Amino acid sequence: MSIATVPSYGLRHVSTTRPWLIKTLRFSSTPFASLASEQAEPNTMQSSNNVNKPTSNFPKRGQTVELVCESLAFKGKGLCKVADTGFVVMCDRALPGERFIGRVTRRKGSYAEVTKVETISPHWDLVDAPCEYASYCGGCKTQNLAYEAQLRAKEQQVRDLVIHVGKFSKSELESLEIMKPIVPCDIQFHYRNKMEFSFGPERWVPKELLAEKNEGDKIKNYALGLHAPGFFDKVLNVNKCLLQSEPANMVLVAIQDCWRDVDLGLSPYNVHSHKGFLKHLMLRTGRNLKTGLPELMVNFVTSSYKPELLMPLVERVSAIPEVFSVMNNVNTSVGNTSVGEEEYTLYGKPTITETLRGLTFQISANSFFQTNTRQAEVLYSLIEECAGLRGDGSEIVLDLFCGTGTIGLTLASRVKHVYGYEVVAQAISDAHLNAELNDIRNATFVQGDLNKIDASFGNNFPRPDIVISDPNRPGMHMKLIKFLLKLKVPRIVYVSCNPATCARDLDYLCHGVLYDLIKDVMQAEQNIKGCYKLKSLQPVDMFPHTPHIECVCLLELCDNPS
């Protein structure tokens, strides 16, 4: 197999004279295949040219084929195999045990993707989805799968990734009890404290509901809702979302009832023509510190600053008792981001509050905060347990990808000092405010890109006793992994929202990386040896009915690290 066709997750040894290719393979942030659970070990793949080769009767693009979904793979897609060939096929919204007709849409190397055309027999663990949009919205694809089955599927995905990508043996995970049972979420609906809806000039409807679309009334076809799966320019109109709080749904209904009124002169933004006023509606839910009741922020994202146009909507939503803040983020760029260049307070205060593990946090329109507050309490408790703090106030904690400082601040009372690093300036500003709000004086937060660290990184803080790393979906950059392998702190707590890149990084930290590189390519050593052992891996379900999985991993330094 040529180097160009070696999957990045199977890369253990590189020898090439093409430096650009090394960089691409080594630092690619693209999640490796969703087929990790089906892939063989790299040496097995390289020993045979017939692995995963389609036979002559492999269905071509546009062809239909009868399939049975065997399991859920990474990102929640159904994993199936073509009869008699063993060729792997992925299908969105196919669930375990479901027999269906699928149409091949494209082939991607060792597997193909199909679109479900017709269900012949339903999947195992079938339940009725309570949301009317569940069949069309991309937000929670597995509502019609029993929650216990969702948990089993997520736990199995993590196990497969750790074995096939992390290169930890199944016997090792079981005999040492490294892999823990997934922690369920006690509340499966109304758990999100933040939802973002988009405005669109024409509502998207599935084919079977096209008759309900009023082609003759342009304004009635305006949409406010969620993007149709796979489309940036198509919006499914939504009047209620079962993932957000009930007061947030009251706000959504209030806006849906009036924003199309022609007398208001409001227009949705068109991502193609770049014309229109209303871009997004963001709803955030916190808790009032005095009453413990919900406290809402309504944020209108617009293409220009015209507060007079928004005032009728502001008056409508501010009449809802739970609304404490109405903001206007102005984003004049053609991009469709919800973060504005300017921010204005239209009603109430510019922040809402929330409590987490005894601390108070001020949440602004664009600040990062754990989306599921209640389950974040569980997650942070697991992080503290893995950190194994002595509690004598003598330890130094290095909090990487610290965001608004929530993890580090919840540990600060039991350690000597917390040093947090984060690339987003607004997040660092919020971290400083949160430390001040809670009278925490032993926390330092620094803005910096952890993907671009150099040899001087580490000179500005004392040697830590514990490292907590909570990277975003691409995982950790190789520069940071090299730094940690040289630093050799006693314990690393790795918190991940992407089990794919988590498994890859655990492999590097525990087993090392082998590279034959030219001397002038990134000035890397030939061998980067792993020096950690994986002590525990705890999956946590933060977001029921979605494919997202959180993991908390404890790594301990080997007894005799080289």
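The backbone N, Cα and C atoms fix where each Cβ goes, glycine too.
Copied over from TrEMBL, here are the features:
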type     : residues                       : note
REGION   : 38-57                          : region 'Disordered'
DOMAIN   : 58-118                         : domain 'TRAM'
BINDING  : Gln370, Phe401, Glu422, Asp470 : S-adenosyl-L-methionine binding site
ACT_SITE : Cys497                         : active site, nucleophile
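Sequence-distant neighbours of Glu422 (S-adenosyl-L-methionine binding site): residues of the same chain at least 6 apart with a C-beta under 8 Å from its C-beta are Phe401, Cys402, Gly403, Ile428, Ala431, Phe445, Val446, Gln447, Gly448.
A distance of 8 Å separates the Cα atom of the residue listed as 'active site, nucleophile' from that of Asp470 (S-adenosyl-L-methionine binding site). The S-adenosyl-L-methionine site is set by Gln370, Phe401, Glu422, Asp470; from the centre of their CB atoms, other residues of the chain with a CB within 8 Å are Phe368, Asp399, Cys402, Gly403, Thr404, Thr406, Ile407, Ala427, Pro471, Asn472, Val495. Secondary structure of the domain 'TRAM' (58-118) per DSSP, as helix, strand and coil residue counts: 3 helix, 35 strand, 23 coil. This prediction places the mean pLDDT of the domain 'TRAM' (58-118) at 87. Per-site Cβ counts within 10 Å over the recorded positions Asp470, Cys497 peak at Asp470. Counting Cβ atoms from all protein chains shown, Gln370 (S-adenosyl-L-methionine binding site) has 22 others lying within 10 Å of its own Cβ.
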